[in-house]
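Pulled from Swiss-Prot:
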type     : residues                                   : note
BINDING  : H58, H60, D152, D305                       : Zn(2+) 1 binding site
BINDING  : H60, L61, R62, N92, N278, H309, F323, G324 : substrate binding site
BINDING  : D152, H179, H232                           : Zn(2+) 2 binding site
ACT_SITE : D305                                       : active site
Amino acid sequence: MSDETFVITGAMLADGSRTDLLLAGGRIQETGVRLSAAGATVVDADGLLALPGLVDLHTHLREPGYEQSETVLTGTRAAAAGGFTEVFAMANTSPVADTAGVVEQVLSLGEAAGYATVRPIGAVTVGLEGERLAELGAMADSRARVRVFSDDGKCVSDPLLMRRALEYVKAFDGVIAQHAQEPRITAGAQMNEGALSGELGLAGWPAVAEESIIARDVLLAEHVGSRLHVCHVSTAGSVDVIRWAKARGIDVTAEVTPHHLLLTEELVSGYDARYKVNPPLRRSEDVEALRAGLADGTIDIVATDHAPHPVEAKDCEWDAAAFGMVGLESALSVVQSSVVDTGMLGWADIARVLSATPARIGRLAGHGTPVEAGAPAELFLYDPAAAREFSTGELAGKGVNSPYLSMTLSGRVVATFHRGYATVLDGAVLESVGGARG
């Protein structure tokens, strides 16, 4: 329970209305005009949006095992900087998060850090090897209460194993989050397959490698009657398959990353490994289809796929470089530039695709709720009129492998509140936060 009190004055909500907010005891105690409270810290929100804390269903925090890239502490600091109050941590750690013990360790690390709620994602298969199911039930029954399972970074390519996983998690309303990539079609692939990959002499990554797995898995989900979530959709064909599945009544949800909403394969022409990512940057036609799919509800959410790497893993030849980009700090600005400034989505839509719906998919209570009296004090203040050149100084985690460095981005997170505590004030991540436990 928070013992900090804040009065936020003149904030604009997602529906366009203006209000003051009184935060105390870890909740939004009151909304209205000219609010005050003894001893409260007053935060002037004139011209700022007050939005529900963002929820990222797809984050790589790297701990345990890869602390040179990121830790739960540094990753959640990056999350707070981007307006996130809750993140789901992918399982590709060392040891892999395929047991109750490892997911409980990740949960405890998040509680100790205090910058955001951390919900571990459990591996689907032991060691992410795709050979036998991990301890799905034990992770679901653990203190971490895991409900999302993924081998992200690898595809559950065996259809029988995927069927069994869908059947297993159905018993406790879990969901399989599939990294849709047929490995036999993408062996050695380095960028999107097309004319440009031929010109650059880089092995191509065909769209059908993603689309074929999604087509298979939506049919499996329909057969089993279980929930399926598709990670980082990147092609127009994938949007078509998901749209067809939803029209058929299949229980499938899907995410798109900020970078796939903005960046295209042409950026690879300079062989700058900051633009090397899995799935790869695609054609402008794919970007347009992804934006349209998000706008019409075919794609349910935006998720960052925040993937930090040490400098040496990116500052090298393209073929040797690691796949992945950092994205927590820049996510909302990129989404604003892609679909808000272009008139495709409004701020109420942003609250839905970056907060309410990811919380619902992850079965997370107390997050993604509207900014209103009685709700948990999980929110952030955002200046949509700001514009700035994105720089490494804005990166609060360990990773500096951002594709947006030196780009002009819209908007800026001014303050973030988690469990009623401030984690960001005046645009800066606080060095210590009151919400830490353990």
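Cβ coordinates are placed from backbone N, Cα and C, and glycine is handled just like the others.
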Quick one: which of these binding-site residues, H60, L61, R62, N92, H309, F323, have their CA within 10 A of H232 (Zn(2+) 2 binding site)?
none
Other residues near the Zn(2+) 2 site, CB within 8 A of the CB centroid of D152, H179, H232?
H58, S150, G153, A177, Q178, A180, Q181, C231, N278, P279, D305
Around the C-beta of G324 (substrate binding site), how many further C-beta atoms are within 10 angstroms, looking at every protein chain?
23
If you measure between the CA atoms of H179 (Zn(2+) 2 binding site) and H60 (Zn(2+) 1 binding site) and round to the nearest Å, you get 14
With the fewest other Cβ atoms within 10 Å, the residue among the binding-site residues D152, D305 is D152
For the C-alpha pair, I'd like the distance in angstrom between H58 (Zn(2+) 1 binding site) and N92 (substrate binding site), rounded off.
12
Here the binding-site residues are H58, H179; which one has the lowest number of other Cβ atoms no more than 10 Å from its Cβ?
H179
F323 (substrate binding site) - helix vs strand vs coil (DSSP):
coil
In whole Å, how far is N92 (substrate binding site) from D305 (Zn(2+) 1 binding site) when you measure between their Cα atoms?
12
For N278 (substrate binding site), write down the residues of its own chain that are at least 6 apart in sequence and whose Cβ falls under 8 Å from its Cβ; none is a fine answer.
G153, Q181, F323, G324
Here the binding-site residues are L61, N92, H309, and the Cα closest to that of D152 (Zn(2+) 1 binding site) is found at N92
